[in-house]
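Below you'll find the structure, written out as structure tokens, and then a few comments.
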């Protein structure tokens, strides 16, 4: 906590609150709460701020949007659709776009904010994963985050389905297919969701209620919980000088962090507004009203559903019929398995890691990705897995724009879906270990100084100098693996955690996690050639 | 009257009436029909000459693949190299040659659109400042138009087929654009995309973009009528001439209308939107975050 005090104008209202809410000095104290500074810590804030923009613009849109599947004949100002029969939902979206002042801008800001909301959550989650910020005690916040991303996917799907245009109707048709593919209860779920045969009259009003009431409410609650937990647990910090597991090093909330985060809100708002003003998104008037008999090429969902689309596109057409029932693996597997692996795996990961490494300590300082090679490699494998499916979702656009055969792209993704993640794992792990070796080298031998020395016998060599303190602190933040406790003690009794097949598995995984770790540590005495090159005393005193 | 009534009952009366009616029809027809015998004779000499010219052009540009009698050719295994052109009609020739697809450069999954060969290039630039240059370009253009017309006439003479549509039939001004949009979404958008940006098809084929200005309304009409390459034929019972005009009106108006929401990102849907959101949106915000976190407060009590 900083010693800085706020001016009276700030302190007085806080004291007022503290006095009346019985929160003793909570507000006053927390004005000085310290936040560590790093650009990647702002990624989550994009999500928070775009969520606020979504709430505001969404409220504006509800003033004119009519969630109704009643058929009407359009007679608004978009001449190309005049006299066309369409649902009231579609007509009111056209009305918002062309006849409400600022309506199109609001619609576009709303949609772009949604794109940025989901993108920033994913970027934030990747940051948290690769720095190990999900470790104890922050597993719950990690789970809440995964829950918010999943809810965000649903929220987005329901949101862009509301205008009842050709593209969103195609998306709903796939949603219906996925619901129907669930064995045994599929048709019941589909009939319950749509209230009858597809598309029916009920789906848009139902999605509307979920989109503007239930899911935003849940998200708001989860955002609040996420922020409160973060506030109580304190933000993790990067391994920099002055930062320890016990003490947070950074700037106080008032006045520094407050100004920074306030400015960042304006940045996020500004970029959403610029996008909304200058870049067209979801031009429903070009798609036309939904008609179950029509479809367009290039029908893709918004980016966060792309991974499901890709899985569906590359899935072989497997169907099994038995005893008068059909199980559509061709839809069921792509809908459940890939995202199940990614989200289920992500949710279980903190606990798996804890179990494998046996590390039950609290962590407040982040790990550099290179110092946890297995974690980083697994993360990159998951990114590859997700990324390939995501690209496969755009395979017709890729085929068209890059002039390759559509079938070739399908087979490319079918093969790389299996091969890619393994390759990514191996390559990433080697890169991490290589970087560890470089760190060990910097600590053990210093950095190249660019000074060429000649020894008395005429040999040339470059003088190495100690790394800067700041650099050293970062590099030495690596926690070297300790030698594993022997599986059996001297009396031949196995250690408690190693018994049985589960214990055996744990030992194996633990070895895989640690066996190729490169120790990075300072040596007390320079050895051999190194000492000779540096020529003794001077080099240690040279500082940048 | 009595005499007529009597004759009416003779056995040959019926035959006589039929004969008289036929004679009357013949006389009336001869009176109404244009007396064109002489003009026909004159222009048929010209037409024969044009046909011969068309045949020469055919032999020079097309016969190497389609055969000297336009019967088509096959390779050693019996797979067709080029189809027979008997009965494809003038519209097909006009479409293929004016879009530069024919004469084809090399056989592939699909023959691409390209600049037509000089002999048939009817879309060359003629608005030169220099009158001499302009006259030359105009002459060249007229020659190309004549060449194309003669080639069309020659191929049509081999076995009929759909004619090139009249200018009035393809005028985008006259089409019902709302109907055109509906027809386009039902019949065309699944390959050509909702704004006619084109798209990928199976086996290396693709639906070409219709959004460029070089795709003329006549070519659109001919494509629907003749179904070139992977495209199905939309004959006049599937899409009536009025429907075709509506589709043309939709396409032309859609490509000419501005994007009210700003940059259209290629009008190909959410793929480019996601790309822009990630690369530009998240990219700019990361730069902003780096800038903000790099800022150090000037004066802060020692912490």
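The backbone N, Cα and C atoms fix where each Cβ goes, glycine too.
Bear in mind that the values here come from a model prediction, so they are computed numbers and not experimental data.
Among the features that TrEMBL reports, transmembrane segment is placed at B:12-32 (among others).
The predicted model assigns the domain 'Cytochrome c' (B:49-159) a mean pLDDT of 86. The domain 'Cytochrome c' annotation in TrEMBL covers B:49-159 (among others).
Shown in sequence order, B:72, B:73, B:82, B:83, B:84, B:85 are the residues of the chain, 6+ apart in sequence, with a C-beta less than 8 angstroms from the C-beta of residue B:66 (heme c 1 binding site). Look at residue B:66 (heme c 1 binding site): DSSP puts it in a helix. As annotated by TrEMBL, heme c 1 binding site applies to B:62, B:65, B:66.
In terms of DSSP secondary structure, the region 'Disordered' (B:123-143) contains 13 helix, 0 strand, 8 coil. According to TrEMBL, the feature region 'Disordered' maps to B:123-143.
Non-local neighbours of the compositional bias 'Basic and acidic residues' (B:126-143) in the same chain are 118; each lies 6+ residues outside the stretch with a CB under 8 Å from one of its CB atoms. Summarising the annotation, TrEMBL assigns compositional bias 'Basic and acidic residues' to B:126-143.
Taken residue by residue, the domain 'Cytochrome c' (B:175-255) breaks down under DSSP into 43 helix, 4 strand, 34 coil. If you look up TrEMBL, you'll see B:175-255 (among others) marked as domain 'Cytochrome c'.
Annotation source TrEMBL lists heme c 2 binding site at B:188, B:191, B:192.
What TrEMBL records for B:275-294 (among others) is transmembrane segment.
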Note to self: Sub-8 Å Cβ contact with chain A: please pick out which of the binding-site residues B:62, B:66, B:191, B:192 have it.
What the structure shows: B:191, B:192
Notebook entry, point to check: Which site among B:62, B:65, B:188, B:191 has the most other CB atoms no more than 10 Å from its CB, taking these as binding-site residues?
Noted result: B:188
Notebook entry, point to check: Could you tell me the C-alpha distance between residue B:65 (heme c 1 binding site) and residue B:191 (heme c 2 binding site) in angstrom, no decimals?
Noted result: 29
Margin query: Please count the residues of the domain 'Cytochrome c' (B:49-159) that DSSP assigns to helix (H, G, I), strand (E, B) and coil.
Written below: 59 helix, 5 strand, 47 coil
Item checked: Cα-Cα distance linking residue B:62 (heme c 1 binding site) and residue B:192 (heme c 2 binding site), given in Å to the nearest integer -> 29
Margin query: What does the structure give for the C-alpha distance between residue B:188 (heme c 2 binding site) and residue B:62 (heme c 1 binding site)? Integer Å is fine.
Written below: 30
Next item on the list: Quick one: give me the count of other CB atoms within 10 A of the CB of residue B:192 (heme c 2 binding site).
Entry: 24
Notebook entry, point to check: For residue B:191 (heme c 2 binding site) and residue B:62 (heme c 1 binding site), what Cα-Cα distance in Å is obtained after rounding to a whole number?
Noted result: 29
